[in-house]
Amino acid sequence: PTDAQTDARSFLSEEMIAEFKAAFDMFDTDGGGDISTKELGTVMRMLGQNPTREELDAIIEEVDEDGSGTIDFEEFLVMMVRQLKEDQAGKSEEELAEFFRVFDKNGDGFIDREEFGEILRSSGEPVSEEEIDELMADGDKNNDGKIDFDEWLKMMENIQ
């Protein structure tokens, strides 16, 4: 297996792999161990994904490395894991945007030092003014004295 295939298997639980295999096998009508790219969309929808036509074409182009017009189970796993990770990344970014808006009290699109201090104090941990300044300086990449949304995302990525 390729590195991507090994990574895909380690990302998924045994139950998920079994569930994906069951869906995959339903469409592998001749038992040859692969499905046609046409059937891919149907399988993905069964597993709760909802790819657009364009997304499907892009996925197929990426996954069908040998250009055979079919996808084997290992290629399929790699693709499903990519989709799941993209879904998760999209969700967490939305949640972070929501969080950002809550702390951007005056709605100016920035979190200033005062708002930033409130965030840190709201965690319940005691925080000194120096620590607030230090963290603020770390996050404020363009040194304008405030944290914009991109800087906020970067800070949150480093925490996770």
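Each residue's number is its place along the chain shown, starting with 1.
Just so you know, glycine gets a Cβ as well, placed from its N, Cα and C.
So that you can see what the record holds, here are the features copied from Swiss-Prot:
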- Asp28, Asp30, Asp34, Glu39: Ca(2+) 1 binding site (BINDING)
- Asp64, Asp66, Ser68, Thr70, Glu75: Ca(2+) 2 binding site (BINDING)
- Asp104, Asn106, Asp108, Glu115: Ca(2+) 3 binding site (BINDING)
- Asp140, Asn142, Asp144, Lys146, Glu151: Ca(2+) 4 binding site (BINDING)
- 15-50: domain 'EF-hand 1' (DOMAIN)
- 51-86: domain 'EF-hand 2' (DOMAIN)
- 91-126: domain 'EF-hand 3' (DOMAIN)
- 127-160: domain 'EF-hand 4' (DOMAIN)
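Sequence features, as recorded in Swiss-Prot, placed on the structure.
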| residue | record | CB count, 10 Å |
| --- | --- | --- |
| Asp28 | Ca(2+) 1 binding site | 21 |
| Asp30 | Ca(2+) 1 binding site | 7 |
| Asp64 | Ca(2+) 2 binding site | 19 |
| Asp66 | Ca(2+) 2 binding site | 9 |
| Ser68 | Ca(2+) 2 binding site | 12 |
| Thr70 | Ca(2+) 2 binding site | 18 |
| Asn106 | Ca(2+) 3 binding site | 10 |
| Asp108 | Ca(2+) 3 binding site | 10 |
| Asp144 | Ca(2+) 4 binding site | 11 |
| Lys146 | Ca(2+) 4 binding site | 19 |
Intrachain neighbours beyond the domain 'EF-hand 3' (91-126), with Cβ under 8 angstroms and 6 or more residues off its ends: 132-133, 135-136, 139, 145-149, 152-153, 156
Counts of helix, strand and coil residues, the domain 'EF-hand 4' (127-160), according to DSSP: 22 helix, 2 strand, 10 coil
Neighbourhood of Glu115 (Ca(2+) 3 binding site) by C-beta distance under 8 A, where only residues 6 or more apart in the same chain count: Phe103, Asp104, Lys105, Asn106
Cβ-Cβ distance under 8 Å to Glu151 (Ca(2+) 4 binding site), same chain, at least six residues away: Gly139, Asp140, Lys141, Asn142
The domain 'EF-hand 3' (91-126) - residue tally per DSSP class, helix then strand then coil: 23 helix, 2 strand, 11 coil
Whole-number Å value for how far Asp144 (Ca(2+) 4 binding site) lies from Ser68 (Ca(2+) 2 binding site) (Cα to Cα): 53
Closest of Asp28, Asp34, Asp108, Asp144 to Glu75 (Ca(2+) 2 binding site), Cα positions, binding-site residues only: Asp34
Ser68 (Ca(2+) 2 binding site) in three-state DSSP notation: coil
Nearest of the binding-site residues (Asp34, Glu39, Asp108, Lys146) to Asp66 (Ca(2+) 2 binding site) - Cα to Cα: Asp34
Candidate binding-site residues Asp34, Glu39, Asp144, Lys146, pick with smallest Cα gap to Asp64 (Ca(2+) 2 binding site): Asp34
For the binding-site residues Asp34, Glu39, Glu75, Asp104, Asp140, the one whose C-beta sees the most other C-beta atoms within 10 angstroms: Glu75
